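K.L.:
Sharing a structure with you now.
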Amino acid sequence: MLPQKQAEEAMVSTFDQIESGDRDREDEEREKDQSAGFSFKTFLWHGGSVYDAWFSCASNQVAQVLLTLPYSFSQLGMISGIILQIFYGILGSWTAYLISILYVEYRSRKEKENVSFKNHVIQWFEVLDGLLGPYWKAAGLAFNCTFLLFGSVIQLIACASNIYYINDNLDKRTWTYIFGACCATTVFIPSFHNYRIWSFLGLGMTTYTAWYMAIAALVHGQVEGVKHSGPTQLVLYFTGATNILYTFGGHAVTVEIMHAMWKPQKFKYIYLLATLYVFTLTIPSATAVYWAFGDQLLTHSNAFSLLPRTAWRDAGVILMLIHQFITFGFACTPLYFVWEKVIGMHDTKSICLRALARLPVVIPIWFLAIIFPFFGPINSAVGALLVSFTVYIIPSLAHMLTFRSASARQNAAEKLPFFLPSWTAVYLFNAFVVVWVFVVGFGFGGWASMTNFIKQVDTFGLFAKCYQCAPKAPPPPRPAPAHH
């Protein structure tokens, strides 16, 4: 009985410390706001509530991938597409929950040692380092940074792909140059604490676009001779499956979002609630567009390319462009933090100095977007090779190893979830996630997505000027001069 009592006292003490620290942060911000009076800057800029975290998760989870899900449905077929969305949505919510548990555990241990995080943003690789050691830190840093790097690349490619459907006077490569410069302005946003208005607007934009796609496809009706032959090839099937794995694996920024909250221990079920909302956007839109266009989507990875041009579609394109700017910032901000820590600028309070220090992060992203402008295929490749480890395998293994001893389980800062109150059940489910994602996501998905990716490189070449652009009609011939 004595060890159990000590464990309970330690747990209460830990929560008291975290709650006290959270109250101090919240009170400090409130004092600032009250001394300044109500201002739009405070209302739009300072976000740390549960609602801010929900908007950030829901907004960040589905961005340009919303436009590629109909393409994935054409590879998978309707039934597999819907089932895999629900399946990977559940797995993604579970591993986001694990990450939140590990964050609270790490922070509670550090705060017992009187470590202050007042001017320091905790990141995933630091959680792994504190709980499991330097080798795990290296693995977390490598996978997370590479995933976020290519996630940012995808946003630039998507910007160029979308704007081309409004203005095709410039090719997609030129648009990539332009949007690379625009997205570089995200260096001025200090942290996820300052994304309040952007997260709110971003979710509104994806909500509009998803329902526009669903309604426009239904109004348009099925094209003549429409075929729904998927799945037809294993390569295409697993490519589509890994794109969906990528869709619900957008929580590489979970720790940073949690750290921006006043009470991060309330994050536990936020990602699940965000996922349930995202289902209302992704399933109707992908289903309707695939129903309308069928196999045509196999050669049109961006759904905008098939929907008829109207003011409604152009509005959707513009809103998605703005949202992709926001998502670029979401993906790049953790990279900014890592770079700041490497060069010793993370504690600098000057926004302009930090922005200047961050600029070298944007340049390789810009360059890679110009080299590999393959919109849909790169999503699948990133999903199979990076998301599978970053988002699913590493969190599951880390949770199993962190709580492998009886004392660690007794002294855990967070109790087991009410829906899975047995450590044995938690271990079995974690083991299932690791095996499934490694074999199906990384193994079959990696083979399929890289096969498809190499095919795109062979077909279009590197530095493709205008990937999947319809050939422009030649100008009409000039009339011959009249003979007098």
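Each Cβ is built from the backbone N, Cα and C atoms, and glycine gets one as well.
Automated prediction, rather than curation, is the source of TrEMBL annotations.
As annotated in TrEMBL:
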DOMAIN    46-438  domain 'Amino acid transporter transmembrane'
TRANSMEM  76-104  transmembrane segment
TRANSMEM  141-163  transmembrane segment
TRANSMEM  175-193  transmembrane segment
TRANSMEM  200-223  transmembrane segment
TRANSMEM  235-257  transmembrane segment
TRANSMEM  269-293  transmembrane segment
TRANSMEM  315-339  transmembrane segment
TRANSMEM  351-375  transmembrane segment
TRANSMEM  381-403  transmembrane segment
TRANSMEM  424-447  transmembrane segment
K.L.:
Find the member of 141-163, 175-193, 235-257, 351-375, 424-447 that has more C-beta pairs under 8 Å to the transmembrane segment (76-104) than any other listed stretch.
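P.N.:
The stretch I would name here is 235-257.
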K.L.:
Taking residues 6+ outside the transmembrane segment (175-193), which of them lie with a CB under 8 Å of any CB in it?
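P.N.:
Hits for the transmembrane segment (175-193): 46-48, 56, 121, 152, 155-157, 159-160, 163-164, 253, 256-257, 259-260, 321, 325, 328-330, 332-333, 336-337, 351, 354-356, 358-359, 361-362, 365-366, 369-370, 373.
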K.L.:
Could you pull out which residues elsewhere in the chain have a CB under 8 Å from any CB of the transmembrane segment (381-403), counting only those six or more residues past its ends?
P.N.:
91-92, 95, 98-99, 101-102, 105, 128, 131-132, 136, 139-140, 143-144, 146-147, 150-151, 154, 242-246, 249-252, 409, 412, 423, 426-427, 430-431, 433-434, 437-438, 441-442, 445-446, 448-450, 452-453
K.L.:
Please figure out which one of 141-163, 200-223, 315-339, 424-447 racks up the most CB pairs under 8 Å against the transmembrane segment (269-293).
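P.N.:
Top-ranked stretch among 141-163, 200-223, 315-339, 424-447: 200-223.
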K.L.:
What stretch in 141-163, 200-223, 315-339 has the biggest tally of Cβ pairs under 8 Å against the transmembrane segment (235-257)?
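P.N.:
Highest pair count goes to 315-339.
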K.L.:
Would the transmembrane segment (141-163) count as touching the transmembrane segment (351-375), i.e. at least 3 C-beta pairs under 8 angstroms with sequence separation of 6+?
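P.N.:
As far as Cβ distances go (cut-off 8 Å, pairs 6 or more apart), the transmembrane segment (351-375) and the transmembrane segment (141-163) touch.
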K.L.:
I'd like to know if the transmembrane segment (424-447) touches the transmembrane segment (141-163) in this structure, counting it as a touch only when three or more C-beta pairs sit under 8 Å and are separated by 6 or more positions.
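P.N.:
No, the transmembrane segment (141-163) does not contact the transmembrane segment (424-447).
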